[in-house]
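Trainee: Got a structure for you, written out below as structure tokens; questions coming shortly.
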């Protein structure tokens, strides 16, 4: 494992049998042992349990390879609160160049500034960055291979303009600009995309701080077509699609929860900017409960595939479990996203962990403009949808002005 001089508390596995340690351990050992025991006591039939990349071919040959193996198999925490210590060296300095993670702190800072709105909610760029990470990495399967997390979505000619990538053009340009600005420091486009997804996730209030690794290799080969999910697909076909990516039913259930922050634009253009739960821009579990419920605000728009998945016998129990358990969902999402973000990556053992560059997690949040949001959710003030999309605080001044304009 490459180490970073900026990381604090960079942990080694202890010599005591049966114990684990990792950077930024956020849960007590008792909590983790309890969770691992629960998994061991269950059949594990629907839990993702395959190794990927070079972990599958040569095994975990380095400390970072072992850490990632433990994360994706559920034997280590996929979240971390590890922070940087000391003074961040100047960008371009010898000291910064000597530390793999140093330049990534500058990149993460740029991303966080772009992804957060004045309300404290994450905005359309954050949501698109998460989706971009999914689409770059997810174009891979065990059956067809494919490019996976290799940056092709912004590097390969024409890939970003495929139908399944509609709506990602703006974030692709922004991400490509970050890559162009920082590639002289040795970063890859693939890593910029995946770091963007993880920064966006933790910028969203209540979102997990997913452990983040860099060192992926880029490709200009277009991704294999037909490997991304469709919002009108039936549950069985989606389950099989993700199984072919080594992601089983419980992992799929966790990953689809990213819809909690979204506002759809193209599934039904007549309802553009309608959210998938009543708290767009907040990474909470309302999505799970409201997808199941027949009593939701007027504007909540349910994707047909989400409804079908929520009712599938292999998924319904896990879906129901997430309805009231933010911590469990965050942990499961983080674990599955580490896996997803490394699909098609065959140098996992040589990656570097740079989780410490991420912004801190926002672990408590209440919308400061909830009254206005509630009115919008009931179908009033259509124009507010674009303000919510931008994460804008719906201030009393803004609402007064809108009231004058709208009458």
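Just so it is clear, glycine is given a Cβ too, placed from its N, Cα and C backbone atoms.
Summarising the annotation, TrEMBL assigns active site, proton acceptor to 135. The Ca(2+) 1 binding site annotation in TrEMBL covers 136, 148, 150, 152. Per TrEMBL, the feature heme b binding site maps to 259. Here TrEMBL flags 260, 277, 279, 284 as Ca(2+) 2 binding site. Feature annotation from TrEMBL assigns disulfide bond to 101-354, 122-204. Feature annotation from TrEMBL assigns domain 'Plant heme peroxidase family profile' to 148-260. The signal peptide annotation in TrEMBL covers 1-21. The site 'Transition state stabilizer' annotation in TrEMBL covers 131.
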Trainee: If we count other C-beta atoms within 10 Å, could you say which of the recorded positions 131, 135, 259 has the fewest?
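Mentor: Sparsest of the recorded positions 131, 135, 259 by Cβ contacts within 10 Å: 131.
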Trainee: In the predicted model, what is the mean pLDDT computed over the domain 'Plant heme peroxidase family profile' (148-260)?
Mentor: 98
Trainee: How far is it from residue 150 (Ca(2+) 1 binding site) to residue 135 (active site, proton acceptor), counting Cα to Cα, in Å?
Mentor: 11
Trainee: About how far apart, in whole Å, are the alpha carbons (Cα) of residue 204 (disulfide bond) and residue 284 (Ca(2+) 2 binding site)?
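Mentor: Cα of residue 204 (disulfide bond) to Cα of residue 284 (Ca(2+) 2 binding site) measures 9 Å after rounding.
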Trainee: So if I draw a 10 Å sphere around the Cβ of residue 204 (disulfide bond), how many other Cβ atoms end up inside it?
Mentor: 29
Trainee: Using a 10 Å radius around each Cβ and counting other Cβ atoms from all shown chains, which of the binding-site residues 136, 150, 277, 284 yields the largest count?
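Mentor: Neighbour-count leader: 136.
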Trainee: Return the residues near residue 148 (Ca(2+) 1 binding site) by Cβ distance under 8 Å, restricted to its own chain and a separation of at least 6 in sequence.
Mentor: 136, 137, 139, 140, 342, 343, 344, 345
Trainee: What residues, ordered by sequence, lie under 8 A Cβ-to-Cβ from residue 152 (Ca(2+) 1 binding site) and sit at least six positions away in the same chain?
Mentor: 136, 139, 159, 218, 219, 220, 221, 222, 223
Trainee: Using all protein chains in view, find how many other C-beta atoms are within 10 Å of the C-beta of residue 354 (disulfide bond).
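Mentor: Other Cβ atoms found within 10 Å: 30.
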Trainee: Going by Cα-Cα distance, pick out whichever of the recorded positions 101, 131, 135, 354 is nearest to residue 277 (Ca(2+) 2 binding site).
Mentor: 131
Trainee: Can you give me the Cα-Cα distance between residue 354 (disulfide bond) and residue 260 (Ca(2+) 2 binding site) in Å, rounded to a whole number?
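Mentor: About 26 Å separate the Cα atoms of these two residues.
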Trainee: Spatially speaking, which of the binding-site residues 259, 279, 284 is closest to residue 135 (active site, proton acceptor)? Use C-alpha to C-alpha, please.
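Mentor: Its closest listed neighbour, by Cα, is 259.
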Trainee: Here the disulfide-bonded residues are 101, 122; which one has the lowest number of other Cβ atoms no more than 10 Å from its Cβ?
Mentor: 101
